[in-house]
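Visitor: Below, the features straight out of TrEMBL:
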- D65: active site, proton acceptor (ACT_SITE)
- R9: site 'Important for substrate specificity' (SITE)
- T66: site 'Important for substrate specificity' (SITE)
- Q148: site 'Important for substrate specificity' (SITE)
Amino acid sequence: MVLASGSPRRRELLSGLGVPFTVQVSGEPEDSREADPERLAAELALLKGRAVAREAAGAVVIAADTVVAVGADLLAKPESAAENEVFLRRLSGRTHDVFTGVAVLSGGSEAVEVARTAVTFRTLLPEEIAFYAASGEGLDKAGGYGIQGLGMALVERLDGEYSNVVGFPLSVVTRLLRAAGVPVWGTLGAPGA
Ligand SMILES: Cc1cn([C@H]2C[C@H](O)[C@@H](COP(=O)(O)OP(=O)(O)OP(=O)(O)O)O2)c(=O)[nH]c1=O
């Protein structure tokens, strides 16, 4: 199995599934004009997977992409602490959606699925926004926060899978890998599950 991702969070979560893997990142920039966040997450996950599958014949390749959507806006990774503050002001006191697309490619077949989690932020004080942005934690993360870190303190409520927000929805990952013949936690599961 090959993980087509440079994300340390994905590596860590995949490590827990009991299946050996290597990491290979294509380095090709992903590009899409898709405006719908769910379809975008699926498309980018597939593009990342395909770029690596071309160079990893015979392997099962898994890739993912996380998209944060608030209203009609998509929040990518903030490029500076100042932009991170703008993102946090946008997220404060409201609910946004986190979509992660997971693509599994093996032997010429492709499967892709998207998980969605609704995340509600509490209303943040301006000082809290400045403090969190200055920590730098949000800079390499879609939406500008990390729920697995200090960013946990920003979140009031979750509706959906936690691991999806971290960037690797384990229910989807497990299902797609088993369907591709990878024995997650030592089993392929019930037939047709
Ligand atoms: C919202 C949120 C995002 N993130 C991360 C998950 C992803 O790593 C990142 C979204 O960017 P992605 O483009 O999905 O992934 P990536 O660039 O980190 O890695 P690669 O393309 O090589 O697979 O944001 C968190 O770690 N915690 C969070 O709470």
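Cβ atoms here come from the backbone N, Cα and C positions, even for glycine.
Those TrEMBL annotations? Automatic predictions, nothing curated.
If you look at the structure here, what lies around each of the features I listed?
Guide: Sequence-distant neighbours of D65 (active site, proton acceptor) (same chain, 6+ residues apart, CB-CB distance under 8 A): E30, L40, A41, L44, A45, K48, T100, G101. D65 (active site, proton acceptor) falls within a strand segment according to DSSP.
The DSSP secondary structure for R9 (site 'Important for substrate specificity') is helix.
Under 8 Å, Cβ to Cβ, and six or more positions away along its own chain, T66 (site 'Important for substrate specificity') finds A41, V98, F99, T100, A142, G167.
Same-chain residues at least 6 positions away in sequence with a Cβ under 8 Å from that of Q148 (site 'Important for substrate specificity') are, in sequence order, R9, V166. DSSP assigns Q148 (site 'Important for substrate specificity') to coil in the three-state reduction, placing it in neither a helix nor a strand.
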